[in-house]
Ligand SMILES: *Cc1c(COP(=O)(O)O)cnc(C)c1O
């Protein structure tokens, strides 16, 4: 199976997909930001800075963002989709084809005010789904018109804030919400642009999609149940709401473009039906195909370049429009992971190393100073990650290792299987790539571990995007008993009470 002489005791049996590395120090370019490299002694460098210097300043665990890489991925989506749609639909657009497609960055993948600023700089718009995300957008000075608001359970306060900020669209996710948005519009004396989140009966998974008649999920209004059509009828009857069009989001970490094809076709068919019923243009001009474009976490993943995805989607839409005899829509997309994911990696310091006899061989457990509190995706989704020795290179033979965190859960795994050099020792640093999306946003303080800082590097200069938490931050949320009300003596008494809870 592989050409390596097994180390004395260690299992060389990684999973089938994990190739034995020719060179354990090699960096697979698809997994890393463009600014990655190795400097003196093999220490990892990013955008001209050594990670050793970053760690000296900020410690570990540490999220490191390559700013230029993030920006260029964002820009590339805008250019690829605008060029492809301009080419397919032959629209008279400017030199850079701007305006053929709107690209919304899905803020939930990773959002802070500086990143919101980058996104707008690069010609994108911003998708939000809560009052908190709206607050970050407001802090960054994102113009309301460039913000979209999603969510299956928006509060009145969130709707009010969105309308007050003049968001470019609110994506309606339930029939109840229609009247609530209309009421908010009346309150502010404005007309509110909305879209309808349609459940198209397509569920996309990484390498396949499933088209189903019934959709058992909390998002959207289904076509088959007639709820989407009902929403369109109700919205168009309300003067306070302007229906921009239809929206769908079929999944995440998708490589198979055929799911988008089915979704686009079903949206355009619904639009044609509604226009026939309610009058031409009633259903709006816009079709949003959501996000979900896949990235590489390990050598198993082979994402398509945005140019190819854009051409595929543009071609499908043109053919569908021709087939149905309908006018081409204005398209928007919402990539999150594909922009933020590969732009960031996480640095950890190796602590204990344990060789465990599993009965089928020896498994090496490498513990690091973080874990499920800074990357929940492995525990939550069984996600695969990869990693590399970051503080030096090594000529030792590779050993399959499992990188685990410091939390009190056996499921606290960071990287399930990866080849690391056999001479790894406590104090070495390792780096886990592709942690830019859904890691910091899903981070927790489990076990009272402070969440790590997020640092951006550009042209050899590091800047903090999100400050790291301290024990003082954690204690700041903790409300201590005031003297006389709660003393250790009280605690003793209370422990004896049947409920164990004492008075509230
Ligand atoms: C999560 C989400 C996205 C972004 O998904 P990615 O997989 O990060 O690209 C886009 N649109 C909607 C509505 C979402 O919920």
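From the backbone N, Cα and C atoms, a Cβ is placed for every residue, glycine too.
DSSP assigns residue 408 (active site, proton donor) to coil in the three-state reduction, placing it in neither a helix nor a strand. The active site, proton donor annotation in TrEMBL covers 408.
Under DSSP, residue 335 (pyridoxal 5'-phosphate binding site) is assigned to coil, being neither helix nor strand in the three-state scheme. If you look up TrEMBL, you'll see 292, 334, 335, 336, 337, 438 marked as pyridoxal 5'-phosphate binding site.
The annotation compositional bias 'Basic and acidic residues' is assigned in TrEMBL to 487-504.
Annotated domain 'Orn/DAP/Arg decarboxylase 2 N-terminal' per TrEMBL: 99-340, in sequence order.
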Cβ-Cβ neighbours of residue 334 (pyridoxal 5'-phosphate binding site) (radius 10 Å): 27
Neighbourhood of ligand 1 - recorded positions from 292, 337, 408, 438 with Cβ under 6 Å: 292, 337
Neighbourhood of residue 336 (pyridoxal 5'-phosphate binding site), C-beta criterion under 8 angstroms, separation at least six: 105, 106, 107, 108, 109, 110, 127, 291, 437
Per-residue Cβ crowding (10 Å cut-off), top of binding-site residues 292, 335, 337: 335
Surrounding CB atoms that lie within 10 Å of the CB of residue 438 (pyridoxal 5'-phosphate binding site), all protein chains: 23
Intrachain C-beta neighbours of residue 408 (active site, proton donor), sequence separation six or more, cut-off 8 angstroms: 447
Mean of pLDDT values spanning the domain 'Orn/DAP/Arg decarboxylase 2 N-terminal' (99-340): 94
